[in-house]
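Written out below as structure tokens is the structure these notes cover.
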Amino acid sequence: MSMSFSGGTHNDRWGSDLASAGEFTQSFPSLPATYSPSPSSSSSSGEELLEVTIEFPSGVIINIDSVTGTGTDISGTDLEITSCSDSGSGSRSLSLGWSASSERLTAGTNSKQQIQKISRRGYGYSSRSAPEPVVPHRGEITDSVNLPRALSQRPTRPNRDGSGTERAIHGLKFISSKENGIVDWNDVQNNFAHLSKDGYLFKSDFAHCIGLENENSKEFADELFDALCRRRRIMVDKINLQELYEFWYQITDESFDSRLQIFFNMVKNGDGRITENEVKEIIILSASANNLSRLRERAEEYAALIMEELAPDGLYSQYIELKDLEILLLEKDISHSYSLPFSQTSRALSQNLKDRRWRMSRNLLYSLQDNWKRIWVLTLWFVIMAWLFMWKCYQYKHKDAFHVMGYCLVMAKGAAETLKFNMALILLPVCRNTITYLRSTALSHSVPFDDCINFHKTISVAIISAMLLHATSHLACDFPRILASTDTDYKRYLVKYFGVTRPTYFGLVNTPVGITGIIMVAFMLIAFTLASRRCRRNLTKLPKPFDKLTGYNAFWYSHHLLLTVYVLLVIHGVSLYLEHKWYRKTVWMYLAVPVLLYVGERIFRFFRSRLYTVEICKVVIYPGNVVVLRMSKPTSFDYKSGQYVFVQCPSVSKFEWHPFSITSSPGDDYLSIHIRQRGDWTEGIKKAFSVVCHAPEAGKSGLLRADVPNQRSFPELLIDGPYGAPAQDHWKYDVVLLVGLGIGATPFVSILRDLLNNIIKQQEQAECISGSCSNSNISSDHSFSCLNSEAASRIPQTQRKTLNTKNAYFYWVTREQGSFDWFKEIMNEIADSDRKGVIEMHNYLTSVYEEGDTRSNLLTMIQTLNHAKNGVDIFSGTKVRTHFGRPKWKKVLSKISTKHRNARIGVFYCGVPSLGKELSTLCHEFNQTGITRFDFHKEQF
């Protein structure tokens, strides 16, 4: 069908739902207000006229040649057939007129509804000259009664020219491909110089100029040329160098929204409609641009969802208006943002204007408030080391050997004293059972147990420094001075230490003191180097076969060299040259208690791990190489949410123990852990348990499961723990912010499960107290009679388990869509059971461009439609909405700070160090500028 409008003083653009085929054109020439109607019009003087020509596929033409009224909206007028005329070929054309005073015709009701639809849609198509009326050759309307039938007799599948949209889809694939053959701009410039005539490049040479040589590509290049011209509203067959650069810049723009814009410009040369298969192709391309393999697999389902939404009336379920899709995909969303309240903003601005000295003192004060635990511990440590160093320096400065060896001897002995102290102290932070116990005491309020591993690393730096100073002072200064001393000085000051015969340099080294010292230096340097972050995390890539010298295994086994170091240290300490009295050989005094404590812990852990017998109940291997092990809970195994255990699998390694966060709740009757493959040991775990798993379920690519009963036996598993972690202190805060990156979410899953169990228990107790519970008691640790509300009110308060945490905000940031499967169960449980909104969950998928970016608009639309229809997020497969990109952490903290004024909020983080530093800095800034306080805690492994 084609429609042609002509009239005066009407500048509206109309869109048509009547059009089923052909093209739709409009023309509104600029005419004066005294426009005279055509002779054929039947309107009176002063009326505005509008002529509408509608051509149906059957050949029928309807002329609407009179409109009464000056309003631009025709939807409120009445429809009346004013004339009918036969064409020369025997077909009949109808002339319809709208008149405010005309009599409403029943036969025209359906037509009026369709015309009203045109007015409501209001789409703007490119303005072109109206074609000459086509004389129909078949089909005619004999009277007005047949008009509704004629309007409704449209083909179920329009006779459209599909090549336009299909070529545009092909073009979208083409420019999205990295192997599209488009050359560099310098080559394009050179091609322009050879192909241009008088500074212009003709359309016929455009394909060759941008490097498209074959015939199919040339046809596409011509379509592309026309589309780019239409976008710039120019209709030319040649372009200059500047225009060519603009064309080339858009073609090579890798952003998906730029490619979509080209697609829509190419498709507009067709019929303005797009099919379900074509929508599917766009979804596939959008999913590829955002690295979403699962979305590609369900592209057909989501394409049908879009078709259903954009064509709700069902008239053309296999087509939608292209304009709808274009507006949807290329229109930027207004993203919600959180800003600081005006009072906080004003306060921050005023503070910047104050004296710099005052601000520095204020920052120092806030730093002391945030880090006072660390500060007093480190201060005490430095004071002790300084006192030991000076005490030993003073002691040896009054020895006879000082007259020969001088301050080299003093420096060596001072360093040795701090070395002995630190070799004893470094064992305490790794006595995990002791630290776990101390966390539950009053010491946790003044000692930063969260920083045990960091303190352990800091002490190691002090040990290496003291060791190098001690060894260098002896080997490079003291020994040469002994050899260079005069016979008189030697006999007077040194003979009582080294004997009558002056030793040689080799003789000084080739003694128990020298040999043990050199071996200790070598072993400690090896252990220290392989324990560094770059080696332990395998960030330093070495060529084969030296690649085995880095990684966790190298760190783990090299640390066992330190057992030998402690033995050698005792031998070294009792074989001193300058001390012969046993009570002055103090190395054993420093080491006695810490070594006994550490050895006792190791023995205790060995036997306890054998007593904790666990049976594997369920194994699930998720995409992304994550193994979930659910095992029976030992009877005496008591733990807190947020803690972790060490795991050993003898079939993989009989010596290696690895820490993993517990992901089950203390109230559950089982233990569960999540293990992600990152090294040799975790790879061995995956292989060992993959053997007993079933094949993947339909629709769950890569998912392996194994449940009891199972024909094959599971590999043996040993556990040791539980051990304390920063996350276990969440109960101290009324409001907590939990932030996990990837597998770093595992410490917080146990917390979420624990909170959920408490929420459910609290709801059950509330129902019982209100009289809605019909049971006589609740079978739990906090059971009580529930016969009526009065009886419930008599229950002691100590027997009621209250929920300390009032609000929990969980932010999970992951790169892979399949990661959401790991904790799908708990997320759905929270969404179903948390009626009061205690837990607020936010999932972020970083492989998708952030919200508001046109490259993710299509995905946002599909996500919204599917959630509205099915209540499920298309990315996570849960009821929790997935956000795109990365959270704006400053806005997140600002939102929480505004919502919970004067509160003390615990921020718990597990992930890469870079984000941990950012969150720590933001917490420090908010503590300075706001009235809400954030306490930052980072998981250390």
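Glycine is no exception: its Cβ is also placed from the backbone N, Cα and C atoms.
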Swiss-Prot topology check: Thr434, Val838 same side of membrane
yes
So which of 375-395, 515-535, 558-578, 587-604, 732-752 is most in touch with the transmembrane segment (408-428), counting Cβ pairs under 8 Å?
375-395
With pairs fewer than 6 apart in sequence excluded, do the transmembrane segment (375-395) and the transmembrane segment (515-535) have three or more C-beta pairs that lie under 8 Å?
no
Under DSSP, is Glu278 (Ca(2+) binding site) part of a helix or a strand, or is it coil?
helix
